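Engineer: Please see the structure below; I have some questions.
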Amino acid sequence: MKRVRTILTHTYPYPHEHSRHIMTAVIIACLFFISSDNMHTLIHKLDNNIKWWSMYVCLIGFFYFFSSPFLGRTIQPSYSNFNRWYVAWICFASLYHLPSFQSMGVDMRMNLSLFLTIYFSSVLFIIAFHIVFIGLWYIGLVARMAGTRPGIWTIFQNCTVISIACCVFYSHCGNRAVHKSKSFGRNSDPNLLAFLENEKGTTWISNFLRMNELKDQICSSWFAPVGSASDYPLLSKWVIYGELVCSGSCAGPSDEISPLYSLWATFVGLYIANFVVERSTGWALTHPSTVLEEEKLKRQMKPDFLDMVPWTSADLFKTAFDLMVSVTLFVGRFDMRMMQAAMKRTTDETRNDDLLYDYWNEREDLWFDFVADTGDGGNSSYTVARLLAQPSIQTVIGGSMHTLPRGDLLLIGGDLAYPNPSSFTYEKRFFCPYEYALQPPPWYRAEHIALDKPEVPDGVSNMKDYDGPQCFIIPGNHDWFDGLHTFMRYICHKSWLGGWFLPQKKSYFALQLPQGWWIFGLDLALHGDIDVYQFKFFAELCRNKILLIHYISEVLQIGENDSVIVMTHEPNWLLDWYWKETTGKNVSHLIQDYLNGRCKLRLAGDLHHFMRHSAIKSDNPTSVQHLLVNGCGGAFLHPTHVFKNFEQFSGTTYECKAAYPSYDDSSGIALGNILKFRKKNWQFDIIGGFIYFILVFSMFPQCNLGHILNEETWSGRLGRFSSTIWTALLYIFEHSYISSVGSLTLLLASYSFVPSKLSRRKRAIIGGMHVLAHLTAALLLMLLLELGIEICIRNHLLATSGYHTLYDWYRSMESEHFPDPTGLRARMEQWTLGLYPACIKYLMSAFDVPEVMAVTRINICKNGMMSLSRSVLMMYYTSVFIYFWIFSTPVVSLIFGSYLYICINWFHIHFDEAFSSLRIANYKSFTRFHIKKDGDLEIFTLAVDKVPKEWKLDPKWEGDERRPHDQLSHHRKNPSKWRSASSPDPVRSVRVVDHFTIARTRTSDPNTTT
């Protein structure tokens, strides 16, 4: 069937759709008969069962809130699948103890136990068949394709469908073996004509309300066994018999084959026949491609991008550990910048080819780009990389269309890959998107190490003759987490970033550009400042190259007219204002005392938004005219409204000229912490659910809840409920051990979590309120769970027999409704050495989790904790945690997300935590510069509001790919491999969010700007 479906619908690879379609049909049929048969009974009994229906609403409500973030497209499919199976297990384990499903004619207990028995039997039988079939293939008795083993999940899925179908059949038709004297036999109409058209000739519409007759016809005619056991003497000892139904006393034991067994055997036979035909005949013999090859081909048709980094997960602990090691060891005792200075080839800083690059200075003009914080989600990083790789971008500026050519130089401002620098993160999060956007040359090898840079392409004598785009990169704080090891290996010892050439040899550099423009790329490491060796290089460069008169192309140039762009990773002008501290003293000393007003622009990343501040004209000297931060290269979005009050830096007053996203949009985006926190941060479930359980661990069980249930009015119950929560809260701090330690630990962590920029009093208030909200919610959920168990115990729905209630009940029902005159079950138990009943017993016990809680709870309340063994107590607390985790995870995410929303919008704190949790891939931008022939610097910031989530192969790129392979990718008209599979495409939707010009410095007015 798989091969046939692949042939008929080749564009939709076979994902076992027949099983899903069968399951859908079975469920629809079940709901149809339930609604038609029992809707009047359901409505009639609704008033009498209001208590149980309210409990259904609570249970299903919690299950829905637990699963709702993962019902559609999810970030992590594996967790979504676990989520569905986990909820299905716990849901059925709860619902079958409640009585109201009887109103709809559905015996949950019988269906659940029957499902488990049929499921386990089907799995054993089909696995045994596969073992035999593979053995026949091994000795050469069947075709070669028999060696293709089926996936274990495929077997489980098919067995699930078979079991559900059999349970639905039993719910409506039972296991009735009609006696021969009362059999429908050959006198009964095997068709539905008698039902569809009565004696008066009316149509079947008139009989719509008589659904019982239709159901009886289907059960007796369509699904009736093909005969009795006496008709098949060889199989008489290997079948299950039906329950005998006859008027009065029956002449003897049932001889009729169970219709349920007949249906099961039919389904299993169809599975076996389908598998044999698929592996032995037809198309499979001439097309022996494997599933792995098909999956590989499927992956080649779309990029293998990684998702945004989940910051609120266990990965955060590894990142924190790497940061601690880096600050303590690498920057504190072994600074890679010192090693680079010690390995320099010359003592004359102005002739240091490892740090100074001046082969652009003879050009008349130059286009170059700036981007930062690149290596997060693949979709966002590739979107920016694809825009950077385009030969030109057409956009509207001031009402007219402008063409902005690709930059000959790409500047990247650090944080190349998140969360930690490693071979995996650099290759998958940084290099992969840029190689898709602009392919490396044909001779490029990923494992190649550049020994003597620059390794110019063949036919190029020196760097001045190379016409392709080049790239220079400074490291960010995340690149320093391993002591700059990965950065040095992948940037300073490789020659290509996709189609961008990498001549860079050190982590910091100076670039001499046309018309007297310079770029200083500074490496701030983890201390937010340059070291003394780096300071010495740039200081001597300022003295010898910029401030003195020098000759370029025989034209006298005065160094006092030169202009400098200082590029750092961190925008210390914003961060110092926010954190109320002063960093980067060496950088400030370099700019104020050595550049002396020639720093026209400071570029930075680190903050993942775009903001530009320009100095307000005044009589005081200005060390820096413009401050520009643009960290929208692919990382998650940061807010802008937190920094809207920034005005002062180094004695100069600035005003904000542009912000992206806008302050209002930024504030509105923060609302996602309440609505989307759990969906974006599903790994937080593990941490949050465990913390809540620790907070109330000492409060289980609650033995005295009668005072709440004995109240006659809802207001009285609510009052008792609230007083019980308050009593439990006091008990935690006065008598408990585990819960009190957990609460105090959480309080200390919450206090430390509040930013240190606030006073200790405010930190204590905010942290205390945060913990109080979590603790109250945990106690509320604990009490609701205990009340539910108490109500079920009082109504004799739980704690009625023991730890194996379902199995004991099923064995009694099995002997009554599934006669076994030949002793088939006893023989199966003997042949499997007791494995068959034992496995079913313990499989059913997995659905007796509420019973385990109730029975153990009663024993604890009567005899105390010390009366039970550790294994029993462990089993009790495990069963409690299974349910409490489902209740707590949506609540802890809601409270924590609300806390972040309040903090970011009311107190303007936690800007990093509040927006990293949202993992927003949209709002991406980069800045494009143009040094014009007159020496002015024109600056464009281009932005894309929405990042595509799906990509497809660009047919235009495929056409260019068929051209000569020695052509470098930057010569192609369509250099990027993937294009957006949805509209709008970023290449067409990109827009300019900021445009301004910096005039070149004149001797008469060194601070001229526009």
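Cβ coordinates come from backbone N, Cα and C, glycine included.
Just so you know, TrEMBL annotations are computer predictions that nobody has curated.
These numbers come from a predicted model, not from an experiment.
Taken from TrEMBL, the feature transmembrane segment applies to 20-40, 52-72, 84-101, 113-139, 151-173, 686-709, 729-753, 765-785, 874-902. Look at TrEMBL and you will find 370-581 tagged as domain 'Calcineurin-like phosphoesterase'. Annotated region 'Disordered' per TrEMBL: 958-987, in sequence order. If you look up TrEMBL, you'll see 958-969 marked as compositional bias 'Basic and acidic residues'.
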Engineer: Can you tell me which recorded stretch out of 151-173, 686-709, 874-902 has the most Cβ pairs within less than 8 Å of the transmembrane segment (765-785)?
Structural biologist: 874-902
Engineer: Six or more residues out from either end of the transmembrane segment (874-902), which same-chain residues have a Cβ under 8 Å from its Cβ atoms?
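Structural biologist: The answer is 62-63, 65-66, 86-87, 90, 94, 670-671, 673-678, 681, 684-685, 688-693, 696-697, 700, 770, 773-774, 777-778, 781-782, 784-785, 849-850, 852-853, 856-857, 860, 868, 910, 913-914, 917.
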Engineer: Within the domain 'Calcineurin-like phosphoesterase' (370-581) only, compute the mean pLDDT.
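Structural biologist: In the predicted model, the domain 'Calcineurin-like phosphoesterase' (370-581) has a mean pLDDT of 89.
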Engineer: Report the DSSP secondary-structure composition of the region 'Disordered' (958-987) as helix, strand and coil residue counts.
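Structural biologist: Going through the region 'Disordered' (958-987) residue by residue, I get 9 helix, 3 strand, 18 coil.
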